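This report refers to the structure that appears directly beneath it.
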Ligand code: ADP
Ligand code: ASP
Ligand code: MG
């Protein structure tokens, strides 16, 4: 007997027929002798609608009330799946985050899971009851509902698998595994049988939304065996595992993109010690994550332009903070541009091979695509380009690195 966590994303529970399909899959696992906890997302589109409603009332709203609203999507699907399971003769009950509880920190809208109380759940699972747990949500230290950031149900699932010491964490979604790049954009994308935690972490962190970044971090830390599988077809998916389990190592393992980027340029910022701290300090305090940064060398020794990227959702807050500090920062003008995309190439092979970045620059140049910002890490190169070139850039790079499926 194994203990498993099964997670179903939004498209997998998008309507009643699909919820019934999920119930059948879950029952199959129970019937083969496993103890099962299921984590569900909201029905596809539901969270977007809830987020939009908050923004329509106030673009900058109380994050605690945002959480109270957006967490409701998952409450619906837990109840519906529990009913669907009961209907096919499988005992089951739903759990909201606050009922277990799933304790999180107090950063509403982007909370981190601190611990999960599983005693009662384990006792009930031992008696054959399926636990249907709401993904994406928890309970903050202020005793209010918290949410984990978009795509957070993956993290709920992995955290639960770690807390339950589960043998497996199976993430069922609308693609049948992790591909070399988004298969919805590049039809020649190739499915990977296995991917290292490290590469998956990089891919997720630069936008491959198939797994939320924090879920991979958590899986890596607690050594949870995560599989990404199709909820519609019965076929093997992709296993996320340690490097030593992978025999064939590629130079470049994947390409990802993130449209969730906005570029901010501060024109003519004073070029003196302490300026970067003065700019990024208040942004960090306002929980705005800054990603790529470039600072030009000043020509006159007095002022320079500073460009950086933030998440689209944080742009308004970032602008407000920078405008509030305009006096102290003394910049001339703030320009922002949400029509950008970050494209990243990932591969552990970069540690030992030169020329991978050069190939990226050359490929984009030959397509006439201008690079606005570049950033690199040990196993990743990212560039910021105009959003309209997303598809073209992904396809050209996928071919250039020899990743196309035969
Ligand atoms: P869910 O609702 O099940 O959580 P998501 O939409 O969050 O599903 O994630 C699955 C989507 O991730 C796929 O439909 C696909 O478009 C996208 N995706 C992006 N990069 C990749 C990749 N490298 N491999 C597989 N899917 C990817
Ligand atoms: N429903 C949430 C979202 O759409 C969480 C998730 O699906 O993982 O972001
Ligand atoms: Mg997701």
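Using the three backbone atoms N, Cα and C, a Cβ is placed for every residue, glycine included.
What TrEMBL says about this one:
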- 7, 8, 9, 10, 173, 174, 179, 184, 209, 210: ATP binding site (BINDING)
- 47, 74: substrate binding site (BINDING)
- 264-336: domain 'ACT' (DOMAIN)
- 345-406: domain 'ACT' (DOMAIN)
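Feature map: annotations from TrEMBL on the structure.
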residue	record	Cβ contacts under 8 Å, 6 or more apart
7	ATP binding site	38, 39, 40, 41, 135, 153, 154, 156, 157, 169, 170, 171, 172
9	ATP binding site	41, 44, 153, 154, 171, 172, 173, 174, 231
47	substrate binding site	10, 41, 70, 73, 136, 150
74	substrate binding site	40, 41, 42, 96, 134, 135, 136, 137, 153
179	ATP binding site	189, 190, 191, 192, 254
209	ATP binding site	151
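Among the binding-site residues 7, 9, 47, 74, the ones whose Cβ sits under 6 Å from an atom of ligand 1 are, in sequence order, 9.
9 are the binding-site residues among 9, 47, 173, 179 whose C-beta comes within less than 6 Å of an atom of ligand 3, given in sequence order. DSSP assigns residue 7 (ATP binding site) to a strand in the three-state reduction. Contact annotation for binding-site residues (7, 47, 173, 179, 209) versus ligand 2: 47, each with CB under 6 Å from a ligand atom. The residues of the domain 'ACT' (264-336), classed with DSSP into helix (H, G, I), strand (E, B) and coil, number 28 helix, 25 strand, 20 coil.
With DSSP states grouped into helix (H, G, I), strand (E, B) and coil, the domain 'ACT' (345-406) comes out at 29 helix, 14 strand, 19 coil. A 10 Å cutoff on Cβ-Cβ distances gives residue 173 (ATP binding site) a total of 24 other Cβ atoms nearby, all chains included.
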